[in-house]
Amino acid sequence: MKVAIIGVGNVGKTIFHDLQYVNMIDEITLIGRNLDKVKAEVLDAESAAVVRGARCPRLSFGGYEASGGADILIFTAGAPNLTEDRMDLLRANCAVAETVFSEINRYNTGGLIITVTNPLDVITMKVRQLTGRNPRRVIGSGTLLESGRLTRFLAEFLEVSSRSIQLSVVGEHGASAVSLLSSIRIMGMTVEEYLRSTTGEKMVLKSSQLNEIARNEALKIFRGKGYTSTGISATVCRIVSAVAEDRRELLPVSTVLQGEYGVHGVAVSVPSIIGRDGVEGIPEYEMTEDERNGFLASVDVVRKAAQDAGIPV
């Protein structure tokens, strides 16, 4: 399997490094406009691979033509993110997507696409529009990272392994995302049941509290280092691994909905079955009235942003 990474910024470079440890990948190619920089990144990684002494996929680089034959394309290119408001990047990164995929479409018309560039959901819609691909083969990294952040918080709060917690955050990859509190399970138990059975205490968590926790952690990282890279790289590697190994793993990713949850033509994150062909199914979770209202409000945020960018919805 060949994977092409488009963009050599902080995120693209981190993904390029981390993907070398993912099974089933035969080649990773790094694509960027500055070929000297791209070549240097590859040479550096090749030297590191020799020192590690472990198996490493073939590493290559080039311009847009290097995307030819790639089974998976990872789109990370974008304008500098100088603001905490993802929507401020909207027009700039839509223009970047237009430039990039006007070239990519000449060399690759069948690869599955994973978008990382923000504002993620709108860019996912834009890339699908530009490439004409089946919506199920254009996947945004979505709220998998938010779900991971919230899982880490609950694991520390409940003093239990993160592997024992199942939860999903849905909606926009951004401020309006909604945690599905009613669906959180600790080895099959609700949070309230777990606390009552282990501590005898009764505690009520609110979805709004969990939404704020996931949002604040992202802001802390952005304010501290000016960008996020490690978490989003792990997110992309998880998705690539699910595709490469055809795992049919249930992950909250962004995809253009086609009637699921009553939503048409808008890309937002929902738990989706990820396998060799991309999104292979979308089981619809039951939501409380508040969760559903929050989810639909989040959909409206993305819909309006897409309309502002001239993307038909």
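Every residue gets a Cβ built from N, Cα and C, even glycine.
Keep in mind the model is a prediction, meaning the values are calculated, not measured.
The feature domain 'Lactate/malate dehydrogenase N-terminal' is assigned by TrEMBL to 1-140. In the predicted model, the domain 'Lactate/malate dehydrogenase N-terminal' (1-140) has a mean pLDDT of 94.
In the three-state DSSP classification, T117 (NAD(+) binding site) falls within coil. Per TrEMBL, NAD(+) binding site is recorded for G7, V8, G9, N10, V11, G12, N93, V116, T117, N118.
Feature annotation from TrEMBL assigns domain 'Lactate/malate dehydrogenase C-terminal' to 143-306.
Cβ neighbours within 10 Å of H173 (active site, proton acceptor), excluding its own Cβ and spanning all shown chains: 34. For the recorded site, H173 (active site, proton acceptor), the DSSP three-state label reads coil. Residues or ranges marked as active site, proton acceptor by TrEMBL: H173.
Once Cβ contacts within 10 Å are tallied over all protein chains shown, the binding-site residues G7, G9 are led by G7. The NAD(+) site in the record is lined by G7, V8, G9, N10, V11, G12, N93, V116, T117, N118, and its two most distant CA atoms lie 16 Å apart. Sequence-distant neighbours of T117 (NAD(+) binding site) (same chain, 6+ residues apart, CB-CB distance under 8 A): G7, F75, T76, A77, G78, N93, V96, A97, I123. In this structure the C-alpha atoms belonging to H173 (active site, proton acceptor) and V11 (NAD(+) binding site) are separated by 16 Å. With DSSP classes pooled into helix, strand and coil, the tally for the domain 'Lactate/malate dehydrogenase N-terminal' (1-140) is 71 helix, 26 strand, 43 coil.
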